[in-house]
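Student: Just passing along the structure, written as structure tokens.
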Amino acid sequence: MTIAAGRMPQRGWFDVLDDWLKRDRFVFVGWSGILLLPTAYLSIGGWLTGTTFVTSWYTHGIASSYLEGCNFLTAAVSTPADAMGHSLLLLWGPEAQGDFVRWCQLGGLWAFVALHGAFALIGFMLRQFEIARLVGIRPYNAIAFSGPIAVFVSVFLMYPLGQSSWFFAPSFGVAAIFRFLLFLQGFHNWTLNPFHMMGVAGILGGALLCAIHGATVENTLFEDGEQSNTFKAFEPTQEEETYSMVTANRFWSQIFGIAFSNKRWLHFFMLFVPVMGLWTSAIGIIGLALNLRAYDFVSQEIRAAEDPEFETFYTKNILLNEGLRAWMAPADQPHENFVFPEEVLPRGNAL
């Protein structure tokens, strides 16, 4: 008897690498991991290095590291000096010329952290796409994560690209971000920008929806156990649901007169509201990068200038913004040597 055995198909290096990347292990790597893991490691490592050792004396004229006496809230990896423009500040570039200490002094770590951080976030979104495809589910998690990516890219990259240099981007630190928020308000009147309003509505609306949803599910859990702790009344692997959508619908119908009729619409709405808030915020920041104006109620400003007794919350905020600019410009940009004469400083009841 003759047995014919076929030859095993020859596997190329791509197939071998694909199998290794997608192997079932504790931490999934995948093709997205080639981008995510090194960039995330380098950006986090760069931030820890900068906040621990690197000064901002040469870029902002301030201390910004633990080594200089800062704490977690005041330490930061600060933006490059204004004179650097939009240079990528490569270690081997014409600015640092391979000198690591000089590179840190010029603000090279900020560009390093910002660019690697952006690619790390994109890699994390691609990771969610990849795992969703392998598991066989829809990629809505990745689509939702596009919101934080849009905000990061618009704030840390697009905004300074629209300004004169990386100097005007936020530095990577808690107090540094607060300073950037004050800067946006003083120079762009950001809180009166409609895209900021939509962003606030989306983020706070998403938090409200999350709280309501969690409370409603807890409220309508089946009473299928005698224990006071509801988590002891079910098995994590059971097939049947442990709460009543019908009861939840009835409850909210009595509260508001309307309620979500099915889970698909409910959860899509919970996805849509915060993600749209993040996207509209990102669009607004790109508008600020181009120095587009927010709402201007010029008639109120003219009347307030003519009538000392007329004042609105808008005109008070305009005066406050002028005060922010008059203080922040010389303090934040000492290299410009700004000097404001007394007659141009803001006056009025607001200050």
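Yeah, the Cβs are placed from backbone N, Cα and C, and that goes for glycine too.
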Student: Pick from 25-38, 151-164, 179-192, 319-332: which stretch is listed in Swiss-Prot under transmembrane segment?
Tutor: 151-164
Student: Select from 243-259, 277-293 the stretch of residues annotated by Swiss-Prot as transmembrane segment.
Tutor: 277-293
Student: Identify the transmembrane segment range according to Swiss-Prot, selecting from 89-105, 106-122, 123-139.
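Tutor: Per Swiss-Prot, the stretch marked transmembrane segment is 123-139.
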Student: Rounded to a whole number, how many Å is the Cα of Phe260 (plastoquinone binding site) away from the Cα of His267 (Fe cation binding site)?
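Tutor: Roughly 10 Å, rounded to the nearest whole number.
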Student: So, does the transmembrane segment (39-59) come close enough to the transmembrane segment (151-164) to give 3+ Cβ pairs below 8 Å, pairs being at least 6 apart in sequence?
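Tutor: Since fewer than 3 Cβ pairs under 8 Å link them, the transmembrane segment (151-164) and the transmembrane segment (39-59) do not come into contact.
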Student: If one measures from the C-alpha of Asn141 (pheophytin a binding site) to the C-alpha of His267 (Fe cation binding site), what distance in angstrom results, rounded to a whole number?
Tutor: 12
Student: Please report the Cα separation of His267 (Fe cation binding site) and His116 (chlorophyll a ChlzD2 binding site) in Å, rounded to an integer.
Tutor: 33
Student: Around the Cβ of His196 (chlorophyll a PD2 binding site), how many other Cβ atoms lie within 10 Å? Please give the count over every shown protein chain.
Tutor: 22
